[in-house]
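Annotated transmembrane segment per TrEMBL: 12-36, 56-75, 84-102, 108-128, 140-165, 171-190, 211-238, 250-269, 276-295, 301-326, 338-361, 367-390, in sequence order. The domain 'Major facilitator superfamily (MFS) profile' annotation in TrEMBL covers 213-396.
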C-alpha cells in the first residue's frame with residue numbers, strides 16, 4: 001500500500017512505480033472533464049437547451065475544480081490519503097450517475113458542475129501528492145507524466161467512443177462514465193492506506209507584498225489568457241468543427257487532438273523554461289496561443305486541426321511551465337504557495353470561458369465572435385509577456 005509510512009527507498013523510482021501509476025490512473029479518471037465538448041451536441045438535441053444554458057455546467061465544474069484543488073491539502077491532512085481518494089472518486093463518479101438517472105439541467109449543474117468539478121479538483125491534487133513518494137531525481141518527470149494523464153481520458157473517449165456518444169443518450173453515456181469512475185475508485189482506494197499528509201518541513205509563508213507584485217500580475221494574466229483559450233476550445237471544439245462543415249463522424253477528432261497537444265505540452269512545458277532560460281518561455285507560449293487562435297478562424301479542416309493541437313500544447317504547457325517559472329521567480333520552496341494563489345486565474349477562466357463561448361454563439365449564431373474575444377485576450381497577454389520577458393529583465 002502507498003502511504004506516509006512507506007519510505008522512498010521502498011518504492012519504485014521509475015515511471016512505472018506504484019505511486020506514479022496511481023496518480024496517472026486518478027488523473028485519467030478526473031480528466032473526463034476535457035471531453036465535455038462531445039456531450040454538447042447530444043445534450044442540445046435531447047434536452048432542448050441552448051448552448052449558453054448548457055455551458056453553465058462546464059463553467060461551474062471548472063470553478064469547482066479550482067476550489068477542490070485549493071482544499072485538497074487540508075482535506076488530505078484531515079481525511080487521510082484513503083479518505084481523500086474515497087471522497088474524490090465518490091463525487092466525480094456520483095455526479096455523473098446523478099445526471100444519468102435524472103437528466104435535467106438542474107442535475108447537470110449539481111452533479112456535473114458541482115460534485116464532479118469539486119471531486120475532479122480534489123483528485124487532481126491527490127494525484128500530484130503521489131509524486132512525493134517518488135525519489136527526488138525522478139520527481140519532476142513524474143509530476144509531468146501525472147499531469148499529462150489528465151488528458152488521457154479525453155483522447156480515449158474522443159477517439160474510441162465519439163460516435164457512440166454523439167448518437168446515443170447523454171444520460172446513458174454519463175451512467176457508463178460514472179460507474180466506470182466509481183469502479184476504478186474502488187481499486188485506487190484499496191491501494192492507499194490511512195496515513196495523513198503532514199508537512200515534512202516548516203517553510204516561511206511569503207508576505208503579500210512579496211507575492212502580489214507586477215510580475216505576479218503579469219504571470220497571472222498570461223496564465224488566465226492561455227487557460228481561457230484552452231477551456232473555450234475544449235468546451236466548444238465540436239461546435240466549431242460542425243460550423244465549418246465537418247461531418248459528424250469526425251467531430252470527436254477535435255477533442256482528441258487538443259488533449260494530445262495538452263499531454264505533450266504538460267510533459268515538456270516545465271523543461272522548456274529550463275531550455276530557454278526562464279521568462280522568455282512565457283512569451284513564446286503566448287505567441288503560439290495567439291497564432292493558434294488566428295488559425296482557428298480558418299474554414300479549412302486541416303488548419304483548424306493543427307490550431308487545435310497548438311492550443312492544447314500551450315494550455316498543457318502552462319500547467320507545468322507556470323509552476324517552474326514561479327520557482328525561478330520566488331524560489332523552489334514557494335512554488336506551492338504562490339501557485340495556490342495564481343490558480344485563481346485558471347478558475348476564473350474556467351468559470352467564464354465555456355459560458356461566454358456558449359452565450360456569444362447563441363446570440364450571434366457563429367463562433368467568430370467568441371474566437372475574436374479570445375484572440376483579444378490572448379494578444380493582451382502577448383504584450384504583457386513581452387514586457388515581462390524583456391523590460392522587467394532589463395531592470396534587474
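Even glycines carry a Cβ here, placed using N, Cα and C.
The listed stretches are 140-165, 171-190, 250-269, 338-361; of these, 250-269 has the most Cβ pairs under 8 Å to the transmembrane segment (301-326).
Contact between the transmembrane segment (338-361) and the transmembrane segment (56-75) is supported: at least 3 Cβ pairs lie under 8 Å, counting only residues 6 or more apart in sequence. Of the ranges 84-102, 140-165, 211-238, 367-390, the one with the most Cβ pairs under 8 Å to the transmembrane segment (171-190) is 84-102. Away from its own ends, the transmembrane segment (140-165) comes close to residues 15, 17, 19-20, 23-25, 27-32, 34-35, 38-39, 42, 124, 127-128, 130-131, 134, 173, 234, 248-249, 251-256, 258-260, 262-264, 266-271, 312, 316, 319-320 of its chain (Cβ-Cβ under 8 Å, at least six residues beyond either end). Spatially, the transmembrane segment (108-128) is not adjacent to the transmembrane segment (211-238); fewer than three Cβ-Cβ distances between them are under 8 Å for residues at least 6 apart in sequence. Residues 2, 57-58, 61-62, 65, 85, 88-89, 92, 96, 116-117, 119-120, 123-124, 126-135, 137-138, 141-142, 145-147, 149-154, 157-158, 177, 180-181, 184-185, 187-188, 191-192, 234-235, 255, 258-259, 262, 354 of the same chain sit 6 or more residues outside the transmembrane segment (12-36) yet have a Cβ under 8 Å from a Cβ within it. Taking Cβ pairs closer than 8 Å, the transmembrane segment (56-75) reaches residues 33, 36, 83-84, 87-88, 105, 108-109, 112-114, 116-126, 129, 197, 231, 235, 340, 343-344, 346-347, 349-355 in its own chain, all 6 or more past its ends.
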